[in-house]
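Per Swiss-Prot, these features apply:
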type     : residues      : note
REGION   : 1-53          : region 'Disordered'
MOD_RES  : ARG26         : omega-N-methylarginine
MOD_RES  : ARG26         : asymmetric dimethylarginine
MOD_RES  : SER41         : phosphoserine
MOD_RES  : SER42         : phosphoserine
DOMAIN   : 56-156        : domain 'Glutaredoxin'
BINDING  : 158-187       : FAD binding site
DISULFID : CYS203-CYS208 : disulfide bond
MOD_RES  : LYS379        : N6-succinyllysine
ACT_SITE : HIS616        : active site, proton acceptor
Amino acid sequence: MERSPPQSPGPGKAGDAPNRRSGHVRGARVLSPPGRRARLSSPGPSRSSEAREELRRHLVGLIERSRVVIFSKSYCPHSTRVKELFSSLGVECNVLELDQVDDGARVQEVLSEITNQKTVPNIFVNKVHVGGCDQTFQAYQSGLLQKLLQEDLAYDYDLIIIGGGSGGLSCAKEAAILGKKVMVLDFVVPSPQGTSWGLGGTCVNVGCIPKKLMHQAALLGQALCDSRKFGWEYNQQVRHNWETMTKAIQNHISSLNWGYRLSLREKAVAYVNSYGEFVEHHKIKATNKKGQETYYTAAQFVIATGERPRYLGIQGDKEYCITSDDLFSLPYCPGKTLVVGASYVALECAGFLAGFGLDVTVMVRSILLRGFDQEMAEKVGSYMEQHGVKFLRKFIPVMVQQLEKGSPGKLKVLAKSTEGTETIEGVYNTVLLAIGRDSCTRKIGLEKIGVKINEKSGKIPVNDVEQTNVPYVYAVGDILEDKPELTPVAIQSGKLLAQRLFGASLEKCDYINVPTTVFTPLEYGCCGLSEEKAIEVYKKENLEIYHTLFWPLEWTVAGRENNTCYAKIICNKFDHDRVIGFHILGPNAGEVTQGFAAAMKCGLTKQLLDDTIGIHPTCGEVFTTLEITKSSGLDITQKGCUG
């Protein structure tokens, strides 16, 4: 006769259990039997890092060697119910009763670092962390537990990563270094205009790398203009050649694609250029461009599918508009361009296109750079406007119509006001959409294994170890809910995830005070809180904001405008004037911000800035001489480059 498993425990219900005092049930191999106190770590200072590391290695080894491990307490009714469940299934378990070992409290501390779970029971099945009592019964009811318990269970891979972008590749390479069998699935669905690319994800192919190179190309044009004031003489007409630039950039990107493939090969990571989709627990279907399907299994999975540009959902958008997916490899100069959107992608692209001498208009629905400091955002927009970029504020497109075919052709755009009934129309050669990005999570079979996503955004909620609600599935990169959408963040979180999964480290990714830079013609770098967010969190009366305008030395001889570049720090007055927000608008803002971000990690204060001797003459030194507060209302305009 089949044995019926016990029912899932209700809230606060312990239920009857054999040998309630010890929690011992048939089929449970108790590693520390009652009456014999065991020690898992070597004697010595109870909190020494060496002893703690030895204990962690011991626990990881126990988990990896065991089919089922239950970290329990003999008197805990929920632990007893879990042991009853496995007993009813005829499964022998390794049980460690933490109240019956000398260092049980330390074991529980280290377990909480490994699993982000502070309570018992704490259950692992075939190296997969299932969770506590409720999660174990949920896994049983969904069929996941039975899948994990299959006899002689052998997966094709220790880890399969879906997505070959920055986060996925970082995780894959680190897992391989740790001796694990790893596969990366990566497939680029062509854009509506037919654009696709190689291994490396958005950043390398259609994001950070080509964007920064085109930004640099535009800066070189400005440098040519400035050079005459510095004595350079040339007679040839200066003009920009789009085809020459894009060919050089695409050649560089191709070399990076090849480098990634070579790196995976050297680390024995299997790379499959196929579209990955879950079909059942621990099993995935890989479909290549020919439609051929192959199935793979793995003990654990990482979702790193990234995002793709959003479309407007209006007549003509997918037929005639392009996005950042298409721009960087466009085989012809885009000509007169309408950029739709006010994201950092929109403003960066508008900035370098204008820098090439093109006629550029930005259509803005509401505010610039949503999520960034709005004072800084408006200064970014103001500088762009002064340098030839036109802005259409409070309008949205409602139709795009092709007037002429060509490379480029001609498009008519009809737009309406967001504040009334006014409509406008304009003719452009190219319409570039940069209105946001959507997570690539809705068509990879997550619903088949029960992974939860935010239905509105498509983002995946995870805990602080990047674990989804399904124990063996993790996620990294831009698809994470409420995390920065930045390449270095994905790289760091992917690497640390692999180290935690395979016992090399307990370190978690720190998502606080992550620096970033908007590469508009005048760069905007920041770290920490915007002024609006700081006021919301700390209240205005608890803050002191120091700011100033400045004039870079290299702009003076060239005759470029003074009192345009701007620096600002936001300090918490009641925490030793700790810097909680750093903002700079100026040349090389990204390079300036990086070092200050490290200082903020170390608890940078206003006094530490004052005590720092600046490097003269540089833009960064302005932060060592900040004196004027916003609350004072004093004038911050500068008469010369040295203040």
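Using N, Cα and C of the backbone, Cβ positions are placed for all residues, glycine too.
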Quiz prompt | CB within-chain contacts under 8 A for ILE162 (FAD binding site), separation at least 6 | solution = GLY168, LEU185, GLY276, ILE284, PHE301, VAL302, ILE303, ALA304, THR305, ILE444
Practice problem: Please spell out the DSSP helix, strand and coil residue counts for the domain 'Glutaredoxin' (56-156). | Solution: 52 helix, 19 strand, 30 coil
Quiz item: Which number gives the other C-beta atoms within 10 angstroms of the C-beta of CYS208 (disulfide bond), all protein chains shown included?
Solution: 17
Practice problem: Show which residues of the chain containing LEU178 (FAD binding site), separated from it by at least 6 in sequence, have their CB under 8 Å from its CB. | Solution: ALA498, GLN499, PHE502, GLY503, ALA504
Exercise. Calculate the distance in Å between the alpha carbons (Cα) of HIS616 (active site, proton acceptor) and ASP186 (FAD binding site), and round it to a whole number.
Key: 48
Quiz item: Looking at the recorded positions LYS379, HIS616, which sits with the largest number of other Cβ atoms within 10 Å of its Cβ?
Solution: LYS379
Exercise. Count the other Cβ atoms sitting within 10 Å of the Cβ of GLU174 (FAD binding site), across every protein chain shown.
Key: 23
Quiz prompt | Between the residue listed as 'N6-succinyllysine' and GLU174 (FAD binding site): CA-CA distance (Å) | solution = 41
Quiz prompt | Residue, out of the recorded positions VAL182, CYS203, whose Cβ gathers the largest set of other Cβ atoms within 10 Å | solution = VAL182
Practice problem: Report, in whole Å, the straight Cα-to-Cα distance of ASP158 (FAD binding site) from CYS203 (disulfide bond). | Solution: 27
Quiz item: Rounded to a whole number, how many Å is the Cα of ASP158 (FAD binding site) away from the Cα of LYS379 (N6-succinyllysine)?
Solution: 50
Practice problem: Given the recorded positions SER166, SER170, VAL182, ASP186, LYS379, state which is nearest to CYS208 (disulfide bond) when distance is taken between Cα atoms. | Solution: SER166
Quiz item: Can you tell which of SER166, SER170 has the most other C-beta atoms within 10 Å, given these are the binding-site residues?
Solution: SER166
Quiz item: DSSP on ASP186 (FAD binding site), three-state: which is it?
Solution: coil
Quiz item: SER166 (FAD binding site) to the residue listed as 'N6-succinyllysine': how many Å between their Cα atoms?
Solution: 31
Practice problem: Provide the number of Cβ atoms within 10 Å of the Cβ of ASP186 (FAD binding site), excluding the reference atom itself. | Solution: 25
